[in-house]
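Student: Grabbed the feature section from TrEMBL, which reads as follows:
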type : residues : note
SITE : Arg15    : site 'Transition state stabilizer'
SITE : Lys22    : site 'Transition state stabilizer'
SITE : Arg151   : site 'Positions MEP for the nucleophilic attack'
SITE : Lys205   : site 'Positions MEP for the nucleophilic attack'
Amino acid sequence: MKKTAVIVAGGAGMRMGAELPKQFLLLKNKPLLYYTIDTFLKAYEDLDIILVLPEAYTDMGQEIIDAYFDKDRVRITIGGATRFESVKYGLQLVEGEAIIFVHDAVRCLVSPELIRRCYEQAVETGSAIPVIAASDSVRLLTEDGSDALDREKVMLVQTPQVFHSKLLIPAFSIEQKGKFTDEASVVEAFGMKVSLVEGEKNNIKITHPVDLMIATQLLDPA
Ligand SMILES: Nc1ccn([C@@H]2O[C@H](COP(=O)(O)OP(=O)(O)OP(=O)(O)O)[C@@H](O)[C@H]2O)c(=O)n1
Ligand SMILES: C[C@](O)(CO)[C@H](O)COP(=O)(O)O
């Protein structure tokens, strides 16, 4: 089955508080985005990438592609004001039937094993959403305080979120109500079920400055 990864790198990185959007920050002398693209291209030789970038940073993105990758395998498009819009614009470039991986550019430690595990399950069931168990206790905020939740019943959600195009493309015709924080919730709001797959603890999302320090260590523990 054709494989297309929509790698969303259209955000501003406000929580990181750096001058550049965090996807362009350096990790071991290479932009964070480099690692994400490299892992996807190596996971499958027949996979192509749609890279979604902020309008002001398409040249910077193109320079990374030109410097490191086969430019025939990576197409660039411009993102929107929200992650949902950025994914939607990326999906507009998907051609024909495919298994589509939607991945946060800033989860740059994703492994080829996770990409392949998600692909295999999506071929079988139509979708694959990687999740990991919570290791902290979890509470739900209520009007008058908070309630403890059974953490065995809570999972933390990662990307790549992987779907058959027949499921994902129609789901993204839905009107954005409130905030969709991931693709699984868009597909569910459209009335479809999703299936979960084991994620990876190292597949962290670089969100705050401390995450960059953790990623540096994980990349090269020496
Ligand atoms: N309008 C947006 C917002 C986010 N993203 C992407 O979605 C991923 C996860 O989002 P997040 O970590 O929230 O990134 P930012 O929106 O950049 O960060 P912040 O919320 O701190 O501004 C990132 O790869 C980000 O570039 C995107 O493509 N388009
Ligand atoms: C898609 C995601 O990474 C799953 O955990 C997450 O929801 C993205 O959230 P963000 O607020 O856009 O960082």
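Along the chain as shown, the residues are counted starting at 1.
For all residues, glycine too, the Cβ spot is worked out from N, Cα and C.
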Student: Cα-Cα separation of Lys205 (site 'Positions MEP for the nucleophilic attack') and Arg15 (site 'Transition state stabilizer'), in Å?
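Tutor: A Cα-Cα distance of 12 Å.
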Student: Looking only at C-alpha atoms, tell me how far Arg15 (site 'Transition state stabilizer') is from Lys22 (site 'Transition state stabilizer'), rounded to the nearest Å.
Tutor: 9
Student: Between Lys22 (site 'Transition state stabilizer') and Arg151 (site 'Positions MEP for the nucleophilic attack'), how many Å separate their Cα atoms?
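Tutor: Here the two Cα atoms lie 31 Å apart.
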Student: Given a 10 Å Cβ-Cβ cut-off, pick out the one of the recorded sites Arg15, Lys22, Arg151 that has the most other Cβ atoms nearby.
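Tutor: Highest number of other Cβ atoms within 10 Å: Lys22.
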